[in-house]
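Straight from TrEMBL, the features:
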| type | residues | note |
| --- | --- | --- |
| BINDING | Cys39, Asp41, His95, Cys98 | Zn(2+) binding site |
| COMPBIAS | 214-225 | compositional bias 'Basic and acidic residues' |
| COMPBIAS | 232-247 | compositional bias 'Basic and acidic residues' |
| REGION | 214-253 | region 'Disordered' |
Amino acid sequence: MKEILENNRRWVEQMRSQDPQFFEKLSKGQKPRYLFIGCSDSRVPASAITGSGPGEMFVHRNIANMVVNTDMNLLSVLQYAVEVLHVKDVIVCGHYGCGGVAAAAAGKQYGLIDNWLTNIRDVIRLHETEFRRIENEEEQLRRLVELNVIEQVRNLGKTNIIQNAMKGDNPPRLHGLVYDIKVGLLKDLEINDGMMADFEHIYGTKAMEHAEEVLEDQVGAKEDLGSAPEAKAAEEKNSKEGRDNKAPMRKVA
Ligand SMILES: [Zn+2]
């Protein structure tokens, strides 16, 4: 502890020598440009790897940089950063060699943390074909780190916080980065808005409109059918499928 306090005093002297008003200015408030959601791993310090100083970055870190929609901590940070601080960029940053990602892929039990790792196992399920196709284990885990970041950026887009912000005048931009511990470099996964739009009909506020359109199309197809025996059989099949499809949509409503 003594070492930390000594380091702190040395740092204060250094900052004051560069700018005597440094701490006074910071004490007036913060206006960070970035929200950084990263891994708790000690080798991935948000400020150091991005060259950001105090006041420039609002930070949330957890095991494997997850965006979990029942995590009140993450949601509170996200809402405050987006709606109060008006950050311009929201970054999810993963890193190669992530212990959380490796543990999720290992197929073992670790205790309480398994419930958290389930969220990464869901990423494997979503991308299982691509994941299993990679034979080299290290390459497999590196790709899983990237896929996990992509899915966590998607998870940001599923929150009503981001969806509402996107309707505003200055919506934040969402980014997915991966940090390479071996070389110290950040890689931009270049996630674009189109990737989010692909799922607007399920997670977005227009989901019910889409569901109604699907139902109308089904009813329309039914009315177009003639009275020929094969058409009657098709009509019955359609009607059954229509019922099957309707059930979960009503449930959602
Ligand atoms: Zn990690």
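Every residue gets a Cβ built from N, Cα and C, even glycine.
Note that the structure is a prediction, hence the values are computed from the model and not measured.
Features recorded in TrEMBL, as mapped to the structure shown.
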| residue | record | CB count, 10 Å |
| --- | --- | --- |
| Cys39 | Zn(2+) binding site | 25 |
| Asp41 | Zn(2+) binding site | 19 |
| His95 | Zn(2+) binding site | 24 |
| Cys98 | Zn(2+) binding site | 27 |
Cβ-centroid neighbourhood (8 Å) of the Zn(2+) site, Cys39, Asp41, His95, Cys98 excluded: Gly38, Ser40, Arg43, Val44, Ala64, Asn65, Gly94, Gly97, Gly99, Gly100, Val101, Val145, Tyr179, Ile181
Collapsed DSSP category at Cys39 (Zn(2+) binding site): strand
DSSP three-state assignment for Cys98 (Zn(2+) binding site): coil
